[in-house]
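Taken from TrEMBL as is:
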- ASP164: active site, proton acceptor (ACT_SITE)
- HIS19, HIS42, SER100, GLU118, ASP143, GLY144, ASP164: S-adenosyl-L-methionine binding site (BINDING)
- TYR4: site 'Interaction with substrate rRNA' (SITE)
Amino acid sequence: MLSYRHSFHAGNHADVLKHTVQSLIIESLKEKDKPFLYLDTHAGAGRYQLSSEHAERTGEYLEGIARIWQRDDLPAELEAYIGAVTHFNRSGQLRYYPGSPLIARQLLREQDSLQLTELHPSDFPLLRGEFQKDSRARVERADGYQQLKAKLPPPSRRGLILIDPPYEIKSDYQAVVQGISEGYKRFATGTYALWYPVVLRAQIKRLLKDLEATGIRRILQIELAVRPDSDQRGMTASGMIVINPPWKLEQQMTTVLPWLHKALVPSGTGHTTLNWVVPE
Ligand code: SAM
C-alpha cells in the first residue's frame, strides 16, 4: 500500500522540525574533514511545488515554512536549513520546498555520499531525476528498511541515517524499531534520526518503550506539538528521535525549539519536549 504522497504535506510544521534537526546533524558531521554517508531510507520525491494542486489543497506549508523562512530574527541554528530552502526560491517567492534529499544535497560536501531509497512509482522517477548529475548520490527504488542491513556500516564509518516512513501501515511502528536495531548491530556509532507523528499518544509511548528495550543508549527525543494531544484530530505533534546525537544538538535545540514553537504556533497551544529517552 503506497497511498501516502508527501506533496500534500511538504513544508508543514513537521517538515520544519525534521529538516531543522537533519541540517544541524549534517553541519556537525561536517566539522571533521573525513567523509560521511547520508542514508535516507524513505526519501520522497525530493522537490515539492508549493503551488501544486496537492500543496494548495491542504495549505499545510502556510503554517510551516511560510511562517519562518523570511524572518529577520532567525536563530543561527536555523541558518543552514533556511539557506537550503532559500537556494530553491531565489526569486524571493516561496514556490518550492526541498525535501530531505535536496536539503542534504545542498549541505553535503564533495567527499560525502548520499544513498537514497523511495518505493513510490510516481515519486521515485522524480527523485532519480533530481540526482542524475550528482556523482555523490545513489538513488534506488528499494525498500528503505532493507538498506539498514545492506548499506551499513559505510566505508567511512561515519554517517547520518534518516528514517522517515509515512506510518500509513501500523506495522511501521514496529518496523522502524526492528530496522534501527539491525542497523545499530552493524554500525553502532552512526547517528540515527527517526521521525514520528503524534496521532495517538499511546503509539508513541509504545514506540519509545520498544526502542528502550533494544538496549541502545544515547536516545534523545525532540518534539514540537501544535495542539494538545487528542485522538480525534489527526496529527497534533511530531518529533525526532535521535540516537547518538552530535554533542551540541541538545543545547542547540534548547534555543531552537521554543523559537520554532512561538513562530509556528502564534496561539501558543501545544508544547515542546526535549528529553533523553535513554541517556549515555
Ligand atoms: N523524507 C522525505 C522528506 O523529508 O522530504 C519525506 C518522505 S515521506 C514522509 C515517506 C516516503 O516513504 C513516501 O514518499 C513513500 O512513498 C515512501 N515509502 C513508503 N514505504 C517505503 C519503503 N518501505 N521503503 C522506501 N520508501 C517507502
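Positions of Cβ are set from backbone N, Cα and C atoms, glycine also.
Automated prediction, rather than curation, is the source of TrEMBL annotations.
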On the three-state reduction of DSSP, what should I expect for SER100 (S-adenosyl-L-methionine binding site)? helix
Between ASP164 (active site, proton acceptor) and HIS42 (S-adenosyl-L-methionine binding site), how far is it from one CA atom to the other, in Å? 5
Using C-alpha atoms, which one of the binding-site residues HIS42, SER100, ASP143, GLY144 comes nearest to TYR4 (site 'Interaction with substrate rRNA')? HIS42
Within 10 Å of the Cβ of GLY144 (S-adenosyl-L-methionine binding site), how many other Cβ atoms are there? 24
Give me the long-range Cβ neighbours of ASP143 (S-adenosyl-L-methionine binding site): same chain, 6+ apart, Cβ under 8 Å, in sequence order. THR117, LEU119
Out of these binding-site residues, HIS19, HIS42, which one has the fewest other C-beta atoms within 10 Å of its own C-beta? HIS42
Going by a 10 angstroms cut-off between Cβ atoms, which of the recorded positions GLU118, ASP164 has the sparsest surroundings? ASP164
Give me the non-local Cβ neighbours of SER100 (S-adenosyl-L-methionine binding site): same chain, 6+ apart in sequence, Cβ-Cβ under 8 Å, ordered along the sequence. LYS18, HIS19, GLN22, ASP40, ALA43, GLY44, LEU162, ASP164
TYR4 (site 'Interaction with substrate rRNA'), number of other Cβ atoms within 10 Å: 17
